[in-house]
């Protein structure tokens, strides 16, 4: 059982984190839209980032609506909101994975024909990657839609005995069909992300070793080391976010109801830090953040 003070603190942290994520999302979309209006084009990375900004904005509002709405109304009335939340979450996973793929293709020094072809075609492939993420997210939420329909059926069958064969079959269908497919829906984009990060790290380490061997300048080595540190931060927070989501879905390691707000505060704290690291990787967004939070006082 979680102390009341911890729950209240977690709720406050969750609200603050939600506000920060919403501001981050709006800033990302506004800055990159301004860049597009000015230059009439966006790079592949910026296209993914603006899509991530929109998905994070929708994800956070959906999360707040569901979390606070279920206090006043039964959870089943908000099943549609929870399905939208899951859709936006999986979409965010896919977009982050595609961002890792873009970084891998753009930065890595591999000369395999596949990498060379991707570097040439990546600008045309970005919109297809985003469309693929949308389609994959739609397919991934089908088990959840079925699950909530089953739960609503179970509510209507409350007058039947608990060991009724129909109820047991519906419960088994929910457990053996919905939960594993939900894990697959989150797992596939995460493993795409993982493979891209591993390949990029291997490439950067190889290049860093070569630069040290040929006595490159300290500034070049420092730049490579900075990229590796940024990559480690990117990997750490996204992996932590994925593991926290998985644990919250399983809900068997701890009392899910009493730890709910603690989990929410941890999950969206990780989202907030991870999104900040993504913004700092883009020069235009980094400049906007500095102007917003570290601008000098007018004389």
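Positions of Cβ are set from backbone N, Cα and C atoms, glycine also.
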In Swiss-Prot, the member of 163, 218 to which N-linked glycosylation site is assigned:
163
Kindly point out the range from 27-47, 48-68 that Swiss-Prot annotates with transmembrane segment.
48-68
Can you identify, from 105-125, 126-146, the stretch that Swiss-Prot calls transmembrane segment?
126-146
So, residue 4 and residue 283, same side of the membrane or not, per Swiss-Prot?
no
Among 48-68, 83-103, 126-146, 259-279, point out the range having the most Cβ pairs under 8 angstroms from the transmembrane segment (184-204).
83-103
Most CB pairs under 8 Å with the transmembrane segment (48-68): which of 6-26, 83-103, 126-146, 259-279?
83-103
Against which stretches of its own chain does the topological domain 'Cytoplasmic' (104-125) lie, if we need a Cβ under 8 Å and a gap of at least six residues from its ends?
44-45, 196-197, 199-200, 203-204, 206-207, 227
Could you give me three numbers for the topological domain 'Cytoplasmic' (27-47), the DSSP helix, strand and coil residue counts?
17 helix, 0 strand, 4 coil
May I ask for the residues of the chain that lie six or more residues beyond the transmembrane segment (6-26) and have a Cβ under 8 Å from a Cβ within it?
53-54, 56-57, 60-61, 63-64, 67, 261-262, 264-265, 268-269, 271-272, 275-276, 279
Is the transmembrane segment (259-279) packed against any residues at least 6 beyond its ends, judged by a Cβ distance under 8 Å, and which are they?
2, 6-7, 10-11, 13-14, 17-18, 20-21, 24-25, 27-28, 49, 52, 56, 60, 63, 67, 99, 230, 233-234, 237-238, 240-241, 244-245, 247-248, 285-286, 289
